[in-house]
Amino acid sequence: MLTHPVGSASCHPRAPESPFLVIYPERVRANFHALHAAMPAARIRFAVKASPVPELIRALDEEGAEFDVASIGEIELCLALGVEPDTLCYGNPIKKAADIARAYALGVRRFAFDTEDDLLRIVEHAPGSEVECRFLASAPESRTPFGTKFGCTPGEAFRLLVRARDLGLIVGGPYFHVGSQQLDPNAWRIGIEQAGRITEALADKDIHIRSVNIGGGLPIAYADPAPGVAEIAAVIDAAVTEFLPETAELVVEPGRALVGSAGIIHAEVVGVRIAPDARRWVYLDIGRYNGMAETENEYIAYRFVTDRDGDPVDEAVVAGPTCDGDDVLYQRTRVLLPTTLRAGDRIQILDTGAYTASYSSVSFNGFPPLTVHVSGAERE
Ligand SMILES: Cc1ncc(COP(=O)(O)O)c(C=O)c1O
C-alpha cells in the first residue's frame, strides 16, 4: 500500500502507527461518476464536512462538483486548494454575522438559511447573494437523524424566500435534507412534493426559483443493507417530474455517498476480557473520540475484518480505548468476532471514509486525532 499522510507529499515507507484511516480518491471519483450517471441532470455538491481531505476536494473539483461548506475553515480549505468561490455554498444555517461577512469577502455568494435573523444577516453582510431556504421535510427518520435542529416550516420558507427577494437577494429556492443515512427512498418524494408546493406559491408572487436542493442523506450499505443510488434516483426523478417546474435545477448534496466507501480504518486490539456480566469485551485503539463518533447510539453498524477471520466467532461488546464510560462502540448491536482475537491483532473497519477523521477529537484522554493516509491504489 502506497500512502502518504494528508498534507504531506512524501510517501510513507512503512505501515503507519495504528489507528489510521486510508482514503482512496479513485473510489470517490467512481462514486461521483455513479451518482452523476444515476442523476445526470443534478448539480452534485459535496458536503465537505464528511471528509475534508485535500486530495478528495481536488479530485471532486476536477470532476465538476460544487461544495457545501459549513464554516470559514472549510471555505478557506477549499479556496486554498484552488476551488472557485462560485462553486461554494455556505450551507450551515447557524452562522454569525462575522462569518457571513468573512465568507462574502472571500467571494462566497451562495448561502443557506432557515430563520429570518440569519436572512437579515445575509442581507446586511452578503448583499445580492443567492439564498436557499431550508425547510423541515415531513420525511421519516434516518439512521443519524437531525431531529428538528434545522429547517423552518414550508410556509415559513415561502414567506422568507419572498422576503429575500424583496430585500434584494437572489432566490435560489427551497432546500431540505432528509437526514443522513436515510434508508427510505420515499423520504425524497415527500420533500420534493413539499418543495414543489413552496415553488408554486412563489411563482404566484412572480418568483421563479433557480433550484431545489434535495440535500444529502444518500445511504451506503454498512453491516445492514441500504437502497442503492439507482433506486433512490428513480424515486427522485419521478417526484421531480411530478412536482417541480422543468426550469428548476436539482441540487444534490451528498457527503457519505461519495466518500463513505472510500475509506478503511486500520486499528488494533488492545485487550480482550470477560467482564463481570460474563460478556466478552474487545477493546480497540480506536473509539468514539478518535474517529468512531457515528457509533453514538449505535446508529451506524460498521463491518470489521480481522486477521483471524475464518476462526469460530462469538458475540462481543466492542469498546474504545479511553477512560470514558460512553466510549463503547457496540453493546446492543450483535457483533460477531473471532473467539481467538487477542491483544495486538489488527482489525480493519470498512467503509469508514465519511464522518470519521473529521469528527475525531483533538486529544481526548491524550489520544491523538485519527491520522489520514491517501492511497494511490484502487480500493479492493
Ligand atoms: C447541510 C448539509 N448538507 C449535506 C450533508 C451531507 O449529508 P450526507 O452525508 O448524509 O449525504 C450534511 C450532513 O450533515 C449537511 O449538514
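Just so you know, glycine gets a Cβ as well, placed from its N, Cα and C.
Unlike curated entries, TrEMBL annotations are predicted automatically.
Among the features that TrEMBL reports, active site, proton donor is placed at CYS323. Counting Cβ atoms from all protein chains shown, CYS323 (active site, proton donor) has 7 others lying within 10 Å of its own Cβ. In the three-state DSSP scheme, CYS323 (active site, proton donor) falls into the coil class.
Per TrEMBL, the feature domain 'Orn/DAP/Arg decarboxylase 2 N-terminal' maps to 27-259.
Secondary structure from DSSP puts LYS49 (N6-(pyridoxal phosphate)lysine) in a helix. Annotated N6-(pyridoxal phosphate)lysine per TrEMBL: LYS49, in sequence order.
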### Task
Do me a favour and check the Cα-Cα span between CYS323 (active site, proton donor) and LYS49 (N6-(pyridoxal phosphate)lysine); whole Å is fine.
27
### Message
On the 0 to 100 pLDDT scale, where does the domain 'Orn/DAP/Arg decarboxylase 2 N-terminal' (27-259) sit on average?
### Response
98
#### Entry: Cβ neighbour count (within 10 Å, all chains shown) around LYS49 (N6-(pyridoxal phosphate)lysine)
19
